[in-house]
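*Asks:* Below is one structure. I have some questions about it.
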């Protein structure tokens with residue numbers, strides 16, 4: 001998951017901006033994930049509202065906007081600012097911790113530890129690089145590039161390289177670029193790829209070579225430039241498009257997950273998102289007597305105990321089982 005905020009094309013950009021800022025404060029400083037989720041949900045719903053919101057009362061009609069958020073919207077619309085945010089921005093602890101978490105590899109706990117040691121800025125991090133782990137050093141090295149959104153045109157170029165290399169390695173591989181890119185977004189925070197192969201199922205032994213040989217192939221062609229984490233089923237790293245005569249492309253974050261073939265399409269559905277769409281689909285599945293997660297779809301018995309995973313060979317199979325009309329990825333940005 002990227003730490004960059006998506007650009008807004010909403011008539012309510014000011015409202016969504018302050019909600020996202022409050023969300024990040026609750027997650028990074030207060031560690032209040034429930035408040036983070038509430039602010040993010042409200043921001044997502046308001047971002048899709050087609051007209052300019054004129055009052056908190058109007059906003060409260062939207063699912064996910066409660067009385068407290070509506071009050072903040074009224075304050076923002078009346079004054080152009082929010083007292084709570086002004087206070088947060090003036091607080092050295094809050095602003096420093098929020099900033100440090102923008103470095104990939106630095107979570108809220110590490111950010112607070114660095115802050116307690118007097119490390120508050122990028123220069124402070126550079127002067128204390130011996131305290132950083134490998135992941136954090138790479139995050140610091142490429143901080144400016146990782147802050148930039150990835151235009152869809154660049155995502156398409158990277159997708160072409162990845163799919164071509166994977167297919168040449170073994171045509172039985174299946175790879176899908178997920179996230180907001182698959183939903184048609186004009187920009188993305190990072191490259192999130194799901195990978196599978198018929199040799200790897202939930203019943204078989206682990207097959208780390210299936211992931212590692214793909215990573216090696218992408219390293220050999222100089223597309224993957226750095227490794228952050230490489231396990232049996234997940235790779236986290238850095239990639240870069242080949243430089244052109246008039247352009248050096250930024251370094252980008254890339255994640256590749258190897259998923260058992262029989263769980264692949266539940267994974268594709270989940271990692272395509274959006275978060276709200278996934279929650280709505282899980283709720284609908286429960287109403288129809290199924291439990292759905294990123295791994296499987298299982299029928300629920302009369303006692304509420306889940307049965308064996310159902311066979312799934314496409315995303316559409318999942319929609320069909322739970323009797324929900326299929327929605328293309330571009331129609332899942334709720």
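Our numbering is plain: 1 for the first residue shown, then up by one each step along the chain.
Glycine is no exception: its Cβ is also placed from the backbone N, Cα and C atoms.
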*Asks:* Write down the single range among 183-192, 193-202, 203-212, 213-222 that appears in Swiss-Prot as region 'DNA-binding'.
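*Replies:* That would be 183-192, the stretch labelled region 'DNA-binding' in Swiss-Prot.
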*Asks:* Swiss-Prot has 190, 192 down as binding Mg(2+) 2; which of 123, 124, 255 does it also list for that site?
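*Replies:* When Swiss-Prot describes the Mg(2+) 2 site, the candidate it includes is 255.
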*Asks:* Quick one: which of 126, 149 does Swiss-Prot put in the 2'-deoxyribonucleoside 5'-triphosphate site with 180, 183, 189, 190?
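*Replies:* Between 126, 149, Swiss-Prot records just one in the 2'-deoxyribonucleoside 5'-triphosphate site with 180, 183, 189, 190, namely 149.
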*Asks:* According to DSSP, collapsed to three classes, what secondary structure does residue 103 (Na(+) 2 binding site) have?
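*Replies:* Going by the DSSP assignment, residue 103 (Na(+) 2 binding site) belongs to neither helix nor strand, so it counts as coil.
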*Asks:* Write out how many residues of the region 'DNA-binding' (183-192) are helix, how many strand and how many coil, based on DSSP.
*Replies:* 0 helix, 4 strand, 6 coil
*Asks:* What is the number of other Cβ atoms found within 10 Å of the Cβ of residue 192 (Mg(2+) 2 binding site)?
*Replies:* 23
